[in-house]
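Feature list (source: TrEMBL):
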- 1-27: region 'Disordered' (REGION)
- 32-107: domain 'CHY-type' (DOMAIN)
- 109-173: domain 'CTCHY-type' (DOMAIN)
- 174-217: domain 'RING-type' (DOMAIN)
Amino acid sequence: MEDGDNFVVNQPPPAPAEQDDHNDNNSSREDFGKMLHGCEHYRRRCKLRAPCCNEIFTCRHCHNDAKSALSNPKERHELVRHDVKQIVCAVCDTEQQVAGICSKCGIKFGEYYCEICRFYDDDTTKGQFHCDDCGICRVGGRENFFHCRKCGSCYSVDLRDNHLCVENSMKNHCPICYEFLFDSVKGTAIMKCGHTMHMECYTDMIQQNQYRCPICSKSVLNMSRTWERLDLEIEATAMPEEYRYEVPILCNDCNCTGRAFFHILGHKCKHCNSYNTRMIGTGEDPQ
């Protein structure tokens, strides 16, 4: 018999009923106050002491919202989640080192707990999981995402082998609202060109009839039907004689250069039939 099993010899296990009662009591104590505490961002039973300013906030977003609103720009800062060392129990108000269970009253600080990210959340319907490659926690269920090492972030499994990789595309700011995308709590859209922006910013852009990526100017939608309509409009709208000349163009979609007859409605690329083009000067043929 191993030394670690010796306690069984002279100390029989408690009766099943007693063991069940003990487990029920532990479970009841740990679940006390579940979903009753937190902020507009998370349901949790603790608060964080921010090491950067030594103040207490329910979560890093509460901290960042408060500090970004300071009138003095030099005092504005963000909380680095991994630097948090102390937390305060929301039930018994005991301050202690980062942990999953309160050292005094025994309640769980969050049904989901990540020691690396100092992240707590009672609402597990979000499907939280920690991605080792990202280094932070994500939501949506681990089985629904994969980590693209080139793009540097977790993407939906629907995009596996089905997206254009751009080096560290998520470690940039949204080109519309300029919020950093990598750790944003907002949904992200990956465009055909591989660049990224917030989903809500993408929707607003489309609603404003803007169909080009703000970064590389490539079309973000299948524009073939629009190009066909432009063909008909241009054919039906002849330019005056003095404007019937060719101009050099660059196609934003295929990156080819060429020439097209000038027209106020647009200039068609002869390589890919796109009207997502721009004039690049009036000199000699660039080809």
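Cβ coordinates are placed from backbone N, Cα and C, and glycine is handled just like the others.
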For the domain 'RING-type' (174-217), the number of residues DSSP places in helix, strand and coil: 9 helix, 8 strand, 27 coil
Three-state composition of the domain 'CHY-type' (32-107), taking helix and strand from DSSP: 15 helix, 16 strand, 45 coil
Per-region confidence, the domain 'CHY-type' (32-107) (mean pLDDT, whole number): 96
Secondary structure content, the domain 'CTCHY-type' (109-173) (per DSSP, counts of residues): 9 helix, 21 strand, 35 coil
